[in-house]
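K.L.:
Mind having a look at this structure? Questions to follow.
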C-alpha cells in the first residue's frame, strides 16, 4: 500500500508565509530586493578578490568561495518562491522538491565548512604567524575546499536518498517557502526513525564539530591576543578576525535559534519566518560585513568602481 501511495505523488504545495493576497506583492518585492542585493554583493566580493593581486591569500580565497556558495544557497530557494508568488501557484514537483532539498543541504554544509576553515586560517595567522605561508599553502587550501565539497555532497545525497524511500499520503502541504527536510519528513506516512537518526547524526557531525572547531580556534586566538603587550597590536590582531566573527555569530545564532525554537514550539509558520534569517538575511549581509569592516576589500571595490566610471564615458564617446 505504501508503494502505491508513493507512486501517486506528483507535487507538493509550498504554503509560504501568508495567504492574504494584499501582502503577497510586498513579500515578492522584499524577497526580490534581498535576492538581488545578495547576488550583486557576493559577486562584487568575488570580483574584488579575483582582480586584486593583494587579495590572493588564503583568507580571501575562502571568502570568495563563501560568496559563491551564498549565491548558490539563495538561488536554491528564492527564485522558486518568487515564481510561485508571481504565478499564484504554490506547487512544486516531487522531483523538484527533492532536488531543491539536496542543494539546500549541500550549501548549508559548505557554509559550515568554509566558516570553520576561515577560523582556522585566522588561528594560524595570529598564533603561528612565522609559519603562516608554509601551513596555509595553496595546495592545502584547495584540498580543504575540495574535501568540503565531497563530504557535503555525500551527506546531502544520503539525506535525499533517505527521503526518497519514504511514502507520502494525502497531506502534501509544506508550511514553508522551500522544501525543508524536516517538514518533508513530518508529512511521511511511513516510519521516519532512520531519517531522524541520520538527520541528528549529520547535524552533530557537520554542525557541532564545525562549531567546536571555530570555538577552539577563537579560544586560542584570544589567548594569543591577550599576550600582546601593546594596545595597538591587540586591536590590529582582533580587527583581522572581527568580520569573520560577525559572520559566524550571525549564521550560527540564527540557524541554531530556528531549529531550537521550532523544536520547542512546533510552529511551522513561525519556523518558516525565522528561517529567513539564515537562508536569506545572512548571505545578504556577509558582503556588507566584509566590505565595511575590511580595508583591503574596500580598496579593491573602490578600484573596480573607478575603472567602471572611467571606462563608461570612454565607451559612450566611442558610440
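Including glycine, each Cβ sits where the backbone N, Cα and C put it.
Pulled the feature table from TrEMBL, pasting it below:
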type	residues	note
DOMAIN	41-290	domain 'G-protein coupled receptors family 1 profile'
TRANSMEM	26-47	transmembrane segment
TRANSMEM	59-78	transmembrane segment
TRANSMEM	98-120	transmembrane segment
TRANSMEM	140-158	transmembrane segment
TRANSMEM	197-216	transmembrane segment
TRANSMEM	237-260	transmembrane segment
TRANSMEM	272-292	transmembrane segment
K.L.:
Is the number of Cβ-Cβ pairs under 8 Å between the transmembrane segment (272-292) and the transmembrane segment (140-158) three or more, considering only pairs separated by 6 or more positions?
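P.N.:
No, the stretches stay apart by this measure.
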K.L.:
Given the transmembrane segment (140-158), which of the listed stretches 98-120, 197-216, 237-260 has the most Cβ pairs that are under 8 Å apart from it?
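P.N.:
Per the Cβ count, the answer is 98-120.
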K.L.:
Across the domain 'G-protein coupled receptors family 1 profile' (41-290), what is the average pLDDT of the model, as a whole number?
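P.N.:
On average, pLDDT over the domain 'G-protein coupled receptors family 1 profile' (41-290) sits at 87.
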